[in-house]
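Here you go, one structure.
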Amino acid sequence: MSRVLHPIFLFGKTSFLYSGCSKFGGRLFNNSIVHGWLRTRSYALASGLHPLRKQKLAHFEDLANANMSDPYMQAKLYKELADNFPEAIISRYETQGVARNSACDRYYQEALRKKSWSRSLSNNISLSQSSSSPATSSFSDPKAFSAGVPKFTSDTSSTVSSTPSLNHSLQNSMPPSTPTPPPVWAPTIVSSALGTSSKTPVYVVVDEPRFTKFFRIFKFIAGLSVASYFVLLGMSIFAETSGLNNIMTNTTEQEPMEERAINVRFSDVQGVDEAKEELEEIVDFLRDPTHFTRLGGKLPRGVLLTGPPGTGKTMLARAVAGEANVPFFFMSGSQFDEMYVGVGAKRVRELFAAARKQAPSIIFIDELDAIGQKRNARDAAHMRQTLNQLLVDLDGFSKNEDLAHPVVFIGATNFPESLDPALTRPGRFDRHIHVPLPDVRGRLAILLQHTRHVPLGKDVDLSIIARGTSGFAGADLANLINQAAVYASKNLSTAVSMRDLEWSKDRILMGAERKSAFITPENKLMTAYHEGGHALVALFTKNAMRPYKATIMPRGSSLGMTISLPDMDKDSWTREEYLAMLDVTMGGRAAEELLYGKDKITSGAHNDIDKATQVARRMVTEFGMSDRIGPVSLEAEMDNLSPATRALVESEIKSLLEASYERSLSLLKSHKKELDALATALVDYEFLTAEEMNRVVKGDRDLLRNKLS
């Protein structure tokens, strides 16, 4: 079976089909797959046609493809294609194996006229003739023409038999003035010979799928991004290691900060007298190192300052440098951590090198736990490198440098337990100094220090503020003074009064006042009785701390508060004092029950009950203050106690709380008149001091006039 390559012109693009000549029929294009391909690739998918028009074209195309030897079927298809698809008529007419008749010739002639293919017209007329008669030929050299015409097989000779009528019709249709076309080879004949030799190659353009185009674009963008990332990374590493970054930005942010003229002295640091005494030895060592080394002794070179935040560790280090009058190099622990491996160790070396050049000097690293945490196998390499370099420099310079020009290393941290043992061992940090929270005398000294440049009113008693700020650090006290000064300035006052200081303290302890909170008169009265119960029990209970202030002004989540102040800071408490503490705590709930009855008590006492339960539990399980339990510590073993022992512990806690509640209720019943007066005064004024509460309890009726004046 022979195969012939047929060019099919479909809408300006050339496609090629192989058609086989079967030994049973000799019919061309008899494969149903080829027919379907012709239909779907040609007219049916043409854009801009009505769907019904497309279906009609597809129908006639199927009929024409199924009857390739029937010229009438071809003519019907040409008729449908004549208006919109002249290229398709020309392409199909010039295809070998397609039957023709006079009607097909007319449609072909009309299609050529529309496309103005005059050369193709004359050549294809000669191609359709069955014999080369000189009488009917319009060319002067038939041999030259026949040389360019491809030979047909015997199967196609029967399909091209009606060419004289085509020649006659073409000659009659041409106008008289039209000259005879020259014998030029038609494009169709050249096209039919495409692919037959190397001189006439077939150019095939493969249309890529849309997914392939997108994937190629994505690969290009991804490759460009990766390449750009590595280029920028290399440039940043080069700029960091070569110092170009600092030159371009003109910054020394990560360089050791050196201060020579430090004005801080030990007199500026208050409330930490013990820490100052230990650091004074370091100052004397920096001033005269030979005085301590003449007998072979060595003073510590590394000092670790520990303690809660805000206690003055940084100020102590600056005071050491200021007293010794030596250069002071400061860096934070977080400044050693960078994204590049090795930068932290490099900065440690630079810090110690700069300090040695200026010796005697002081190196201070704040928040030392940022680089000195305990090491483990899971740590990143750069973290271990920074700590290792710090360990080497700490142990190295103390042995090799000149004793006449020492370098003292001071570190500060709030979490000494997190530091690596190799860092805190003797030889690196020889001395550990704890900087605690100040006691009442220390707080008073700090308040006096921070109010040196603040004008105070005549009514200000800083000792009362110091007694009421237990647990405040130096930074908290400085903030208290600053807020009071700002509040007084806002109120156009000429000096800071005691009321301004109390407002600032209450704001820090309890939060801002909620003056806009809507409270019904009933709830306000109940809150006044609740706070009055606390204050009254504190006034009439032996060993209880005296009430300092009572208020029903909402602050934070609290609707009111009664504050008691100790005379001094206490580290231990007696059993009587703990029982008095329980009675005062239960006074608020007892006052509610006394006024409204047991069924009208509220949930406002939940915080009081929680505190009282904690005190009673510690009395039983930690302090050995229970007669039935005895002097036994059970807090650490509560989970391992037997059910009977645990029940006994809970029973003792409950007994202490119930006894305290009954004592408070009995006291308030005996002082019901004073309770009513105290609650009424709180409703009227919302705030009572200790002196005002004493006057109300004694029946002073001039309180309103004195308070308003």
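Glycine too: its Cβ is placed from the backbone N, Cα and C atoms.
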Can you tell which of D459, D461, D599, D608 Swiss-Prot lists as binding Zn(2+) with H530, H534?
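The record-listed residue among the candidates is D608.
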Which residues of the same chain, at least 6 positions away in sequence, have a Cβ lying under 8 Å from the Cβ of T314 (ATP binding site)?
F364, D366, A412
Which of the recorded positions H530, E531, H534, D608 has its Cα nearest to the Cα of P309 (ATP binding site)?
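Among H530, E531, H534, D608, D608.
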Between the recorded positions H530, E531, H534, D608, which lies closest to K313 (ATP binding site), Cα to Cα?
D608
List nothing but the one residue from G307, G312 whose Cβ has the fewest other Cβ atoms within 10 Å; the candidates are the binding-site residues.
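Output over binding-site residues G307, G312: least Cβ neighbours within 10 Å is G307.
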Starting from the ATP site formed by G307, P308, P309, G310, T311, G312, K313, T314, give every other residue of that chain whose CB sits within 8 Å of the mean position of their CB atoms, in sequence order.
A412, N414, V435, A473, G474, A475
Applying a 10 Å Cβ distance cut-off over all chains shown, what neighbour count does P309 (ATP binding site) have?
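For P309 (ATP binding site), the count of other Cβ atoms within 10 Å is 9.
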What is the one among the binding-site residues P308, G310 whose Cβ has the most other Cβ atoms less than or equal to 10 Å away?
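Answer by Cβ density within 10 Å: G310.
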Which of the three DSSP states, helix, strand or coil, fits H530 (Zn(2+) binding site)?
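The residue in question, H530 (Zn(2+) binding site), is helix (DSSP, three-state).
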